Amino acid sequence: MKLTATLQVVVALLICMYNLPECVSQSNDSPPSTNDWMRTLDKSGCKPRDTVVYLGEEYPESTNLQYNPRCVTVKRCSGCCNGDGQICTAVETRNTTVTVSVTGVSSSSGTNSGVSTNLQRISVTEHTKCDCIGRTTTTPTTTREPRR
């Protein structure tokens, strides 16, 4: 019985040594530090982050088109603001292009005349700078480049 308990302790120590950063960070023996707080604040703050956006929502007027992939990853503002009356909002944006496969159904006089699929570059808005602003403040608008 002692051998089994000893082996369990040894295995636990080996696992902990292999994952040393996780074992140390989960320890509550040391008091919280300003550096810990700053890391937490930085991780949760208002800033551009990788965000998955659905192309159908980016181009709602294109109901006869299907995109593949259906979604892409771009930077969008997200995070926590200190005040309850504030929201993390884009203050600078830019258009970026992504290449997708677009399938469209063309119709003539109400009848389906064909399905076509081709690769296209389309424009998606990406946030480059974020700020916490009052909820009543208007957000900047970005003009969308025409699709090619």
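Glycine too: its Cβ is placed from the backbone N, Cα and C atoms.
What Swiss-Prot records as N-linked glycosylation site, among Asn28, Asn95, is residue Asn95. Candidates considered were Cys23, Cys130, Cys132; the recorded disulfide partner of Cys81 in Swiss-Prot is Cys132. For Cys132 (disulfide bond), the nearest neighbour among the listed recorded positions (Cys46, Cys77, Cys88, Asn95), judged by C-alpha distance, is Cys88. Listed recorded positions near Cys81 (disulfide bond): Cys46, Cys88 (candidates Cys46, Cys88, Asn95, Cys130; Cα-Cα distance within 10 Å). According to DSSP, Cys46 (disulfide bond) sits in a coil region rather than a helix or strand. A coil conformation is recorded for Cys81 (disulfide bond) in the three-state DSSP classification, outside any helix or strand. The candidate set comprises the disulfide-bonded residues Cys77, Cys81, Cys132. Of these, Cys77 has the most other Cβ atoms within 10 Å.
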